[in-house]
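Copied from TrEMBL, the annotated features are:
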type	residues	note
BINDING	A:T98, A:S99, A:F126, A:P127, A:T128, A:D129, A:T166, A:D195, A:H198, A:Y220, A:W250, A:T276	pyridoxal 5'-phosphate binding site
MOD_RES	A:K221	N6-(pyridoxal phosphate)lysine
Number of protein chains: 2
Amino acid sequence: MDCSATAKPMIDAGDMLAETRERFCIPEGVRYFDGNSLGLMPKVVQLHASNVITHEWGTGLIHSWHDAEWRTLPQRTGAKIAALIGAEPQQVVACDSTSVNLFKVLVSAVRLRAGRQKIVTDSDAFPTDLYIVGQVARLFGLTVVGVPAREINDNLDEDVAAVVLTHVDYRSAEIYDMQAYTQRAHEAGALIVWDLSHTAGAVPCDLDGSGADFAVGCGYKYLNGGPGAPAYLYVAERHADACEQPLAGWFGHARPFDFAPDYKPASGTVRFLCGTNPVIGLSVLSRALDIFEGVCLSDLRSRSIRLTALFIDSVDKHLSSHGFAVASPRDATRRGSHVSLRHQHGYGVMQELAKRKFIGDFRMPDYMRFGFAPLYNNDEDVHALIDAIDQIMISRDWEKPEYQQRRDFT
Amino acid sequence: MDCSATAKPMIDAGDMLAETRERFCIPEGVRYFDGNSLGLMPKVVQLHASNVITHEWGTGLIHSWHDAEWRTLPQRTGAKIAALIGAEPQQVVACDSTSVNLFKVLVSAVRLRAGRQKIVTDSDAFPTDLYIVGQVARLFGLTVVGVPAREINDNLDEDVAAVVLTHVDYRSAEIYDMQAYTQRAHEAGALIVWDLSHTAGAVPCDLDGSGADFAVGCGYKYLNGGPGAPAYLYVAERHADACEQPLAGWFGHARPFDFAPDYKPASGTVRFLCGTNPVIGLSVLSRALDIFEGVCLSDLRSRSIRLTALFIDSVDKHLSSHGFAVASPRDATRRGSHVSLRHQHGYGVMQELAKRKFIGDFRMPDYMRFGFAPLYNNDEDVHALIDAIDQIMISRDWEKPEYQQRRDFT
């Protein structure tokens, strides 16, 4: 939310964000640095979910499609997310998974650019995006040009239908300039699809302002929607009514309850809905998003930068002798809300941290990833983390089997 | 579950099913006949959901992917559903929505029958199925042959790639013979996809025994998984490893946590998973399915038949003078677990019933649909419903606006 749009007078940013920390359940003794994988549970969702299940479902039954407004949950939840990603509200719906939504918007994009033969994407993108890009290319007989993100702009020509790029890199946290990439794609006549999974809720962006075409993202990281929360998608209003998305289900129909045999898409982004939507999951996500109400996004960003900068400075100061390399940009303007360190014993270090209830995650081959969620992480978390890593590095036998056998996190 | 597979000695079917009724939350004063749209809430899911949210998410955080076995929820939930639809457990996964799953299996089917140019389907199918069939046809340049279900077998030839058919018709409740249609499709060299949305949990079927190729279905009707519960899909084991499904997400990868840039599908039905799965919704569905444990499917079917037969007999006896027409098969072997009546004032009658807390639903243009869920409906429900309709028909002014303006249910 833009500061100017906040109804109540802004209080000091630090105070406001100290207050939001209180709204999350932080298990005793835990230091949590994985909000970029699964956000902490907002306290309010416990009662809320209980209400949805017991009252809306248990008592209201099918009447709740109207009375509890289940029907419009994708739109209402989408509107809350829109405020976090620089979009007018009607352009975002919450539904399905990020991968499914990427499929929908990318097929729509290549149909809008029919005749062009290539999709260009970041070869280091989160793999599920690459898999979906591959399938779309296969369905339409297109070629995938996978190159490092910074080479994308050198690979654009009049044969590129779409560019697919993640705004904040899932490993390095590098931010790719939304305005610049979008503009360059458009100069080549291509459309661009942004993945905002590591952006929304921690790093402001401006979809409308940058002229982006499509975006997708997940609900379970910085949006705190819970494990496997519904994802979302954005379609620029100028495109929506020209889009034909392939997962044409009844919730995307102009009049779903006419049960008409012919598909007539709803106008706007609503046509990107498919089957019956996950009411419980959407309700939880929607309620979790209320925490952002009254939070100024530039304050959120300042706090995120302060935390990641403090961490990087402390690594330099206290951990460099242990051989850790900072794998995230040192330039704060190019860095998202997590920091990755690389270390040959990274997996083992994460194991030792977990024993001490410091929770981050590990990404192949040697990335130790620490998320700093500005709604709840604070300076003390950073200091404690640095101390813990320092302690762990002092006398560990890294050849022990427990440090070799990788355990999967997400 | 087959009776013989039940560990404890079978008690009288009536008793067992009287007991299952007690396991659902039935709101005071409500007579519920819409389990074919949204199943009643099993009492046990309240505490269960609270546990998933508070403990597994709130406290366990990302460790719950292992410790609470979130990773395998689609498979474990699918195995429980498999027992209800005549399938060996490893062939079913619970995930996404019915429409999304239909897209996945139908694309796989037409790829397995590449070169054939037609998809044959029931022109009266639930519209979302028709929309998806239409999109798959468009993607592959195929022709959709939409005919009434009973004409499908007359339209099969060597150019048909796939047949898509709903096992129990969503309006009439007519059951289409799984064995016969499957055999006929196979004789023509086509593959068959069954939609079991109105089957699973109320009407036994035998996917494996009939030689079916694919199936999909939803989790929120007779499976009682809650509003927008995850759906499921079945892929016959003999096909699974040859299938290339288009929504290739990381959860369908052979080794998702290798984060490999190339997609290598898991073996078996697991390759049909796409993005991160909705943990809360899957957990609720999975727990709700436990009610079927120890229930003999033939007893369930007997009870369903008794309820629908009692209703039809009572309509004939008490309501025929009011002009109601039974739009469901009178032959019990050809009838699913709901009964549709047609009446010119059907919409108004449903409105009046709702005021009296009798909940059924209405389907265009004039279908009054009453579901009899054998896990919780009983004879008394039927008698009360007949009395209520009879009362309503005595002195109503059907020209009043409130009876004209349709309110959407699902």
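Cβ coordinates come from backbone N, Cα and C, glycine included.
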Cβ under 8 Å to chain B, applied to recorded positions A:T166, A:K221, A:W250: A:W250
CB contacts for A:W250 (pyridoxal 5'-phosphate binding site) [other CB atoms within 10 A, all chains]: 27
Taking the Cβ of A:T166 (pyridoxal 5'-phosphate binding site) as centre, how many other Cβ atoms lie within 10 Å? 26
Excluding its own, the Cβ atoms lying within 10 Å of the Cβ of A:T98 (pyridoxal 5'-phosphate binding site) add up to 28
A:T166 (pyridoxal 5'-phosphate binding site) to A:K221 (N6-(pyridoxal phosphate)lysine): how many Å between their Cα atoms? 15
Taking the Cβ of A:H198 (pyridoxal 5'-phosphate binding site) as the centre, how many other Cβ atoms fall within a 10 Å radius? 27
Sort out the sequence-distant neighbours of A:F126 (pyridoxal 5'-phosphate binding site) for me: same chain, 6+ apart, CB within less than 8 Å of its CB, listed by position. A:T166, A:Y170, A:D195, A:S197
List the residues of the same chain that sit at least 6 positions away from A:T128 (pyridoxal 5'-phosphate binding site) in sequence and have their Cβ under 8 Å from its Cβ, in sequence order, or write 'none'. A:T98, A:S99
Through the lens of DSSP with three states only, how would you label the residue listed as 'N6-(pyridoxal phosphate)lysine'? coil
